[in-house]
Every structure is written in structure tokens, then in C-alpha cells.
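**Q** Pasting the feature list from Swiss-Prot:
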- 139: active site, proton acceptor (ACT_SITE)
- 11-12, 31-36, 51-52, 71-75, 115, 139, 143, 167: NAD(+) binding site (BINDING)
- 115, 139, 168, 185, 186, 202, 203, 204, 217, 277, 278, 279, 280: substrate binding site (BINDING)
């Protein structure tokens, strides 16, 4: 297939592009490099630097594309609260421009990178796709609004579409892992402490209603995530918009993550308890039963030790060689 990948110089987009190329697909990547990195674009992909809302028509009209995988987005929750205008522009407005360009160029197959942030604070866990959607920040709100837009395009214009709502993506694949200029994810933050780039890791509360008092999250390996995108792409149905949760179905606490990082790296990794953050749920675990049933997807790398080991293999060589890969 000939595929357009937006945001393909970022963490998730570059790994998915790598796997698509390995499977023989032709990949064109569009990225404005705001958070992505040119070095993360895999060999064999055609690269176009630019904002998708400005170049989508030209790119889509230049070749006979079969589908679009849409990863390009701003994704920092805290920043979205401080700069909601930028998030609505970069996420919602840009996606509408992409959808319109797809319609004009008769490319009507799309897989969208959505998020578990669309659910907000869950009423029950594990979280299924029919759980109420009450995002608690502009980032989640923009993604949910895009889901609604895609549904309307599927019904009105025959788009074949899937939205994949990720939980906590982690790990690395090959030469690509998490290396953002502004890091907010727990595993890379802890590994930065192991490398000596940070003094300590903060645990936001140790009095949560969990076994060890720290919040529990569901971590999905980046390679398993890539597999889900390919399965969704291959099974999209004209005039339909499907939504799937993607997680391992297993939960690990903050303390478990820190202890596993200590075990994998051999470093002490100082940790300090800080006050709880407003809006943090105690437990977030996905139900991926629908994806397993309808897509035939089954995560293969659910063990926390495997996820951390792959992340450390990337992070440690990054620290040693001081070269950058994916920042997005």
C-alpha cells in the first residue's frame, strides 16, 4: 500500500513507519519537526517537511495514496491547559484540513491516533470503549472532537476509519525511543535519573487507594501499538468509524515502575514523594477485548521488565553517544 503518515518523525509515528516499511509498504512522512526529529525518519521513507494543513493537498495529489495514518498532534496535557488555542489549532483545525484534503483527493481510508485522555477520570476499570467520555483537559477534548469529526466524515463521505485510543505507550523499537525536549512520561523520566540527567524522580502521592499507595497505569509496548495500527489499516470498512482501546490490560504502580527500572539499570534511582496532582486517577487500565476480538490484535510484550529493558537499551545508548532520535 502507498501510505501517508503524518507526524512520522515523532516517537509513535516513526516506529509505525519503520514497521510498515519492513512489511513492504511505501511510506511518505509529513512532519513539521516541531516536536519530531528528522533523524527519526526511517530509511526508505519519503519525507516532506511542513505542516499538514498546508501541504496535504499537494502531497495527496502527487501520488495515488491508499490510506493515511494520522499521528501529528500536540500532546502535552499541562501545556494544553496553558495554551488551549494552540491545541485546538494544531490538533482540531489541522485534522479538519487533512480530512478535507483526503475527500478532495479521494483518499478515504484513515487510522487516527486518539488517546485514553478522551475518557477523563473513569467511573470503572478496566475502561471499555463504551465508557463515558469526559476529558479533563483541552488535549483530550481536541482528540475527542476529532473522533466525532471522523465519524461524520465516515457517514457522509464513505470514509473507512479507525481511532485507536492509547494508554501509556512505552519501550523502544530499534533505534527509536522516547527522547522529548519536554518529558512527562514516567519511564523515560526514571531512566533519565539512572543516567544522571536528573537528581531524582518524584512520586505524586503515596496514599492512593492502591496496594502500595501509588497510582497504577497500563503500559503498552510501542511495537505492539504499531501492530495494532497495521491491523486496523487492513480491516477498515467503508462508511464506518471504529474505536478501539489499546493497552496491555495489566496495571503497574509508580513504585513498581521505579523498582523495575532499578533492577534493569543497576542504578539506585532516588525517589521522593510529592503532593498529589489534581485530576490524577488512582487506577487507569484498559480493556482491549474489542481490539483483540475485532482486529485479532494481541499484545506480545506486556511484561514490565521487557518494556523497561527495551526503553533502557535506547536511552542508555542515547546518553552514551549523545545523539538524538525521536523527540515526538
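Even glycines carry a Cβ here, placed using N, Cα and C.
Note that the structure is a prediction, hence the values are computed from the model and not measured.
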**Q** Just report the maximum Cα pair distance in Å for the recorded substrate binders 115, 139, 168, 185, 186, 202, 203, 204, 217, 277, 278, 279, 280, no decimals.
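**A** Largest pairwise Cα separation, rounded: 24 Å.
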**Q** Round to the nearest Å and give the CA-to-CA distance linking residue 278 (substrate binding site) with residue 52 (NAD(+) binding site).
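**A** Spelling it out, the Cα of residue 278 (substrate binding site) and the Cα of residue 52 (NAD(+) binding site) are 34 Å apart.
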**Q** Can you grab the distance from residue 280 (substrate binding site) over to the residue listed as 'active site, proton acceptor'? Cα atoms, rounded to a whole Å.
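**A** The residue listed as 'active site, proton acceptor' has its Cα 15 Å from the Cα of residue 280 (substrate binding site).
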**Q** Taking the Cβ of residue 186 (substrate binding site) as the centre, count every other Cβ atom within 10 Å, in any protein chain shown.
**A** 20
**Q** Could you give the Cα-Cα distance between residue 217 (substrate binding site) and residue 167 (NAD(+) binding site), in whole Å?
**A** 8
**Q** Between C-alpha atoms, which of these recorded positions comes nearest to residue 11 (NAD(+) binding site): 139, 168, 203?
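**A** Spatially nearest to residue 11 (NAD(+) binding site) by Cα position is 168.
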**Q** Could you state the CA-to-CA distance between residue 115 (NAD(+) binding site) and residue 203 (substrate binding site) to the nearest Å?
**A** 23
**Q** Taking every protein chain shown into account, which of the binding-site residues 203, 278 has the largest tally of Cβ atoms within 10 Å of its Cβ?
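**A** That would be 203, with the most Cβ atoms nearby.
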